[in-house]
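Pulled from Swiss-Prot:
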BINDING   Asn11, Arg22, Gly199, Gly220, His221  3-amino-2-oxopropyl phosphate binding site
BINDING   Asp13, His14, Arg49, His54, Thr104  1-deoxy-D-xylulose 5-phosphate binding site
ACT_SITE  His47  active site, proton acceptor
ACT_SITE  Glu74  active site, proton acceptor
SITE      Glu155  site 'Transition state stabilizer'
ACT_SITE  His198  active site, proton donor
Amino acid sequence: MSVPHLRLGVNIDHVATVRNARGGEYPDPIRAAKIAEQAGADGITAHLREDRRHITDADIDGLMAALSVPLNFEMAATDEMQKIALRHKPHAVCIVPEKREERTTEGGLEVAREENRLAHFIAPLREVGCRVSIFIAADRRQVEAAHRIGAQVIELHTGAYCDAHAEGDFATRDRELEALREMSAFAHSLGLEVHAGHGLTYDTVQPVAAFPEVMELNIGHFLIGEAIFRGLHPAIAEMRRLMDEARA
């Protein structure tokens, strides 16, 4: 049986982080998105946080106008963000947890605690044609809850796996990888499309990319950092190559 093409979503948030460190127009996240397309990205991910610390409303406007690949719009489950998503109608909306004090998204959404609210929150997004994804830990209870609320997609948080690898804690790394494998298969059995991301690097991407149920990986911070040394196009192209190699 042939394994489906594994999509690469390139997150451009931290191009905006560099821009906002000084202000002004450069580097331009939209230019980065166009380069990502040329380098093999199948989609672009951008997280409009409530505090606008990196991506801005104007960036979302520009991305919607400029992209020839789908936009995956990451956002918190707030009324403000829902209104923005309903106005733009991006291809995909990924609901993520958000805390003002965090540097980056620290964990998965606790769907099981907020099933009723989240079910009502995502319904209008689905009605206008957005594919709704929920960013969760590799936990059976959260996968089941995401399915019950009507999400079409889950994105599994790979951060614990990547952190354990970076720290040299290979027992934990292998345990986290097995949890990702099991929950990918379980979610797929429920009819959910499976994505994964957070903290993936050249060293950690291939074991996750090899899971046949995973249809998309969203990768950002590492690629933007690697671009300093080898350029954005080559950095993304190498990630694309590693993903394809793992899937072969």
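Backbone N, Cα and C atoms are what each Cβ position is placed from, and that goes for glycine too.
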Sequence-ordered list of residues in the chain of Asn11 (3-amino-2-oxopropyl phosphate binding site) that lie 6 or more positions away and have a Cβ within less than 8 Å of its Cβ, or none, is Ile44, Thr45, Ala46, His47, Glu74, Gly197, Asn218, Ile219, Gly220, His221, Leu223
Looking only at the recorded positions Asp13, His54, Glu155, His198, Arg22 (3-amino-2-oxopropyl phosphate binding site) has its closest CA neighbour at His54
Around the Cβ of Gly199 (3-amino-2-oxopropyl phosphate binding site), other Cβ atoms within 10 Å, all chains included, total 19
Same-chain residues at least 6 positions away from Arg49 (1-deoxy-D-xylulose 5-phosphate binding site) with a Cβ under 8 Å from its Cβ, in sequence order, are Ile55, Ala76, Glu98
Between the two most distant Cα atoms of the 3-amino-2-oxopropyl phosphate-binding residues Asn11, Arg22, Gly199, Gly220, His221, the distance in Å is 25
In three-state DSSP terms, Glu155 (site 'Transition state stabilizer') is classed as strand
